[in-house]
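Novice: This is the structure I want to talk about, given as structure tokens.
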Amino acid sequence: MPLVAHRELESLDRLRAEGQEILDVRRASQQDIRELHIGLLNLMPDGALKATERQFLRLIGNSNRIAQFYVHIFTVPGVPRSADMQAYIDSHYENFDDLAHDGLDAIIFTGTNPLHADLAQEAYWPHVQRVFDWADKNVTSVLCSCLASHLALQHFHGIARKRRDEKLFGVFSHRVLDRSHPMLANINTRFDMPHSRWNGISAAQLEARGLPVLVAGEESGVAMASSPDGFRQIYFQGHPEYDRSSLLKEFRRDLALYQDGKLPQPPKLPTHYFTPAGQRLIRDYIESGRPISDFPEAQLADEVDVTWRDTAKALFANWLGLVYQLTHKERHLQYMDGIDPADPLGRLRR
């Protein structure tokens with residue numbers, strides 16, 4: 001499904017340079033096809049804002065080549081911003097009220113770095129709640145990544161995340177628990193997904209509220225779950241969108257904080273991430289005591305095997321295909337005629 005460059009955005013230019021198909025508005029308007037309008041609520045901090053745009057744009061644009069995608073990127077108040085990044089947002093991001101007026105077929109919520117143990121204390125909490133409530137009544141499906149899943153589960157179901165003894169950080173194996181779910185059709189029954197989080201929500205917490213767990217791992221716990229109907233809200237506790245170097249950059253960031261005395265101990269290596277040669281390289285660097293300016297990031301990036309990308313593409317392709325099947329032809333209406341909003345996949349009445 002090609003992306004449509006309906007607004008000027010640096011991330012689209014980067015993807016075009018990488019060889020991804022990007023349609024201009026003139027060419028897109030000549031194709032007699034129902035486009036999909038996907039909202040991307042980007043809550044990520046400044047350092048990861050643009051990279052997160054590209055990660056989700058790649059997954060959307062690579063899903064298939066039938067429909068057209070207009071991706072509407074927006075954010076909400078409450079996330080600390082530098083003056084330069086706020087200027088970028090003001091120039092390139094869209095306004096939620098305008099999007100709510102025009103309508104969206106689906107929304108992706110990114111994660112972010114929380115500042116408080118209780119998510120309700122975050123400055124962006126009431127603004128995110130407003131988007132959740134609107135989407136619940138107007139959007140075919142909402143897909144949440146990592147911290148966004150915790151926000152949604154606390155808002156809709158009163159489920160509070162729990163602090164882990166240590167950070168879950170690395171790439172972990174998972175197993176599909178519900179092979180009949182259409183989002184999991186024709187994908188590997190066991191696959192990898194990156195995780196990077198201090199907190200989690202357990203299968204027991206979800207099942208107690210009637211929320212089906214779709215994918216889970218022995219080390220990582222729940223990777224994917226959904227709202228009781230199976231589709232209106234999709235929750236990932238991991239990061240299927242991550243690039244090859246995402247965990248590497250997080251490790252470098254935390255190592256720099258440790259060297260600056262802002263963390264009490266050095267970060268642990270991401271689990272199941274580096275090749276044996278990469279693990280030796282990074283241990284040699286740490287033992288040498290060299291400054292962060294000498295961190296061998298480029299060399300380490302070559303020592304990462306990407307084991308999650310194909311499954312991530314398949315998951316997003318299945319999700320977007322279902323959105324395309326279920327959404328109304330008018331973008332401001334939630335479902336096509338005959339679809340039960342309480343059971344859009346028709347699984348509950350079987």
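Cβ coordinates come from backbone N, Cα and C, glycine included.
Annotations for this protein, taken from Swiss-Prot, read as follows:
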ACT_SITE  CYS146  active site, acyl-thioester intermediate
ACT_SITE  HIS239  active site, proton acceptor
ACT_SITE  GLU241  active site
BINDING   LYS167, SER196, ARG253  substrate binding site
SITE      ASN113  site 'Important for acyl-CoA specificity'
SITE      LEU147  site 'Important for acyl-CoA specificity'
SITE      SER196  site 'Important for substrate specificity'
Novice: Would you identify the secondary structure of the residue listed as 'active site, proton acceptor' according to DSSP, in three states?
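Specialist: SS state of the residue listed as 'active site, proton acceptor' = coil.
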Novice: Give the residue from the recorded positions LYS167, HIS239, ARG253 that has the most other Cβ atoms within 10 Å of its Cβ, counting over every protein chain displayed.
Specialist: HIS239
Novice: Is it possible to get the count of other C-beta atoms within 10 angstroms of the C-beta of LEU147 (site 'Important for acyl-CoA specificity')?
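Specialist: 23, counting other Cβ atoms within 10 Å of LEU147 (site 'Important for acyl-CoA specificity').
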Novice: May I ask for the distance between the residue listed as 'active site, proton acceptor' and ASN113 (site 'Important for acyl-CoA specificity'), taken between their Cα atoms and rounded to an integer number of Å?
Specialist: 14
Novice: How many Å lie between the Cα of LEU147 (site 'Important for acyl-CoA specificity') and the Cα of ARG253 (substrate binding site)?
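Specialist: So the Cα of ARG253 (substrate binding site) lies 19 Å away from that of LEU147 (site 'Important for acyl-CoA specificity').
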Novice: Cα distance, ARG253 (substrate binding site) to ASN113 (site 'Important for acyl-CoA specificity'), nearest Å?
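Specialist: If we compare the Cα positions of ASN113 (site 'Important for acyl-CoA specificity') and ARG253 (substrate binding site), the gap is 13 Å.
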Novice: 10 Å Cβ neighbour count around CYS146 (active site, acyl-thioester intermediate)?
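Specialist: Other Cβ atoms within 10 Å of CYS146 (active site, acyl-thioester intermediate): 24.
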Novice: What whole-number value in Å do you get for the largest C-alpha pair distance within LYS167, SER196, ARG253, the residues recorded as binding substrate?
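Specialist: For the residues that bind substrate, the greatest Cα distance is 15 Å.
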Novice: Same chain only, sequence gap of 6 or more: which residues have a CB within under 8 Å of the CB of SER196 (substrate binding site)?
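Specialist: Once residues fewer than 6 apart are set aside, SER196 (substrate binding site) is near CYS146, LYS167, LEU168, PHE169, HIS239, SER246, LEU247, GLU250, PRO270.
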Novice: What's the CA-CA gap between ARG253 (substrate binding site) and GLU241 (active site) in angstrom, rounded?
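Specialist: Here the two Cα atoms lie 19 Å apart.
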Novice: Taking the recorded positions one at a time (ASN113, GLU241), which has its Cβ surrounded by the most other Cβ atoms within 10 Å?
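Specialist: The residue with the most neighbouring Cβ atoms within 10 Å is GLU241.
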